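Peer 1: Straight out of TrEMBL:
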- 1-28: region 'Disordered' (REGION)
- 74-94: transmembrane segment (TRANSMEM)
- 75-306: domain 'Cation efflux protein transmembrane' (DOMAIN)
- 100-121: transmembrane segment (TRANSMEM)
- 141-163: transmembrane segment (TRANSMEM)
- 175-198: transmembrane segment (TRANSMEM)
- 249-271: transmembrane segment (TRANSMEM)
- 277-298: transmembrane segment (TRANSMEM)
- 310-382: domain 'Cation efflux protein cytoplasmic' (DOMAIN)
Amino acid sequence: MTVPKALGNFNPPTITTNDKPQKILPRDRSESMQSVMTSLNSIQSLKDDLPLYYCDKDLFNRAPNTTSRAERSLYLATVLTIFFIIAEVLGGYLANSLAIMTDAGHMLSDLASFVISIIAIKISHMKPTKRLSYGFHRAEVLGALTSVLLIWILTGVLVYLAIVRIVHNDFEVDADLMLITAGTGVIFNIIMGAVLHLGKTEHSHFQQSFTNDVEQGVKDSTTSLPPIHDGNNNQSVHKHKANINVRAAFVHVLGDLVQSIGVLMAAVIVKSTHWRLADPICTFFFSVLVLITTATVLRDAVLVLMEAAPRHVDIDTLHADLCSIEGVRDVHSLRVWSLTMDKTAISVHLDTEKDCDSNHVVHEANERLRIRHGIKYITVQVQCVCSRSVSQYTLLSLPASNVDKPAADNVNEQTGL
């Protein structure tokens, strides 16, 4: 065997066993090189099957190619909502009922939420670009803000018309047609709730199965490092992520069901007592309901754009969990923010002991953040700083009995306290 010139002065490494040191023979070295080439070929094969981008080499960003039942249920709900909005607008116009028109406006907000959810699912299949390294996830947030703005404008117009009706009191309402339209709305919302409930349940199982398959593949490729077993938290986190779009649409439909029942009651009052003011008063009530329900969407969208930490992540618990990793001396520069309502990112620095295995620390931190806290985009920097004292955040978080006086003195010197 001819040794390449680059390896001519290569000194074979020594393997230490319980018996005595052994030299690696040229034949063993050849077998090792052959094993390395086989691994490289496997990696190249994986690269051909899975096109990985330099700005997104994360297996968890792959989305299934098949259409889940959740996505099909959203399509069905969208088509049904379009037909019913047309029916309510026509019914409200013919019956001269603002209450039915307000209900149609609320249904329009549901239609916008369905479309946004479908777009979010489609966008999740798109790969990040050089300019948009996190992908297109926040298009969902921008779409939600746009839909809320449109719904508020429509609600303001309906409230103005209701005020005009109360002031002038020169309108007529077809109670029979209003009653028929309101009753149809109740039946429609019950059907919509059933459709979305079935899609929500199936989507949870599908997404959890896909995520578990990917996680198992990653664990198989990193068998040298022990995985963390935290089944309860893992299941709840993935279920939360899987259900969020369809679950939000399901909540909207429940709100519509309540509003349709209210319109039906207003129609019964108008038909039985001929009190026409029940219609604009009902418009006021449901306009407030629309504002309340959409205000939560507006609040969540603003928090995402402000890169606030998500509500399901407890920063203190997360900090304590990272501090409990073996070999970690300090946790600092901890930043957690939301990319969307169901996608969280984190950046953190870990100071480790001198003889600590940094690879083990990184793996342990990634496992805990991903499984226990449901964080998808993770950046962990490990640095060995043996002479550095613990940070002020750690001192404030730990009981006084656990902090030694020299470390506290060092912090006081560094912070000027």
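Each Cβ is built from the backbone N, Cα and C atoms, and glycine gets one as well.
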Peer 1: Among the recorded stretches 100-121, 175-198, 249-271, which has the greatest number of Cβ pairs closer than 8 Å to the transmembrane segment (141-163)?
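Peer 2: Highest pair count goes to 100-121.
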Peer 1: For a three-state summary based on DSSP, what are the helix, strand and coil counts in the domain 'Cation efflux protein cytoplasmic' (310-382)?
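Peer 2: Per DSSP, the residues of the domain 'Cation efflux protein cytoplasmic' (310-382) fall into 24 helix, 29 strand, 20 coil.
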Peer 1: Pop the mean pLDDT for the domain 'Cation efflux protein cytoplasmic' (310-382) in here, whole number is fine.
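Peer 2: Here the predicted model's pLDDT, averaged over the domain 'Cation efflux protein cytoplasmic' (310-382), is 90.
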Peer 1: Excluding the flanking five residues on each side, which residues at least 6 beyond the ends of the transmembrane segment (175-198) place their CB within less than 8 Å of a CB in that stretch?
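Peer 2: Same-chain contacts beyond the ends: 69, 73-74, 76-77, 80-81, 84, 87-88, 91-92, 94-95, 97, 99-100, 103, 246, 249-250, 253-254, 256-257, 260-261, 263-264, 266-268, 270-271, 274, 279.
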